[in-house]
Amino acid sequence: MKFAAVVVLAAAAAAVSAETNAQRMARGLPPKAPIRRHGTPADTEKRSHPSSTGGGQCNTGPIQCCNTVATSGSQSGVDELLTLLGLSVPVGTQVGASCSPISAVGTGSGAQCSGQTVCCEQNEWNGLVNIGCMPINLNA
């Protein structure tokens, strides 16, 4: 019983000692920061987590399996293909030829690639030429 009386007395003392910002400013003190008692809609929204970029992830589209990956301007035959298709690519850009998307990484036959696995920025002519390719390792 004594414990309950002490708790009630402490709660009453805490409630009495709370002063308003108007009282603080009247005494020449700065106002206290506002207390947020309820969450804002932004606080209560479900937070999404960004996907990882490692381990076979590709942010620009599906992972591609290309038979040939070469640098434009390196006399590798890719330049002739780009010219025939009427595509203008800056010198030094990685270009993949004869590419097909890899649908399911790590499961079944969809993850098999006998060429080079790449992540490309631009897919032209239905996989015949992929521009802006970067080799990736599916085993990472």
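A Cβ is built for glycine as well, from the same backbone N, Cα and C atoms used for every other residue.
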Looking at Swiss-Prot, which of Cys58, Cys99, Cys113 bridges to Cys65 via a disulfide? Cys113
If you pull up Swiss-Prot, which of Cys99, Cys133 shows a disulphide to Cys120? Cys133
Say which of Cys58, Cys66 is recorded by Swiss-Prot as the disulfide partner for Cys119. Cys58
Give the distance between the Cα atoms of Cys99 (disulfide bond) and Cys120 (disulfide bond), rounded to the nearest whole Å. 10
Disulfide-bonded residues Cys66, Cys120, Cys133: which have a Cα within 10 Å of Cys113 (disulfide bond)? Cys66
Quick check: in three-state DSSP terms, what is Cys58 (disulfide bond)? coil
Cβ packing number for Cys99 (disulfide bond), 10 Å threshold: 27
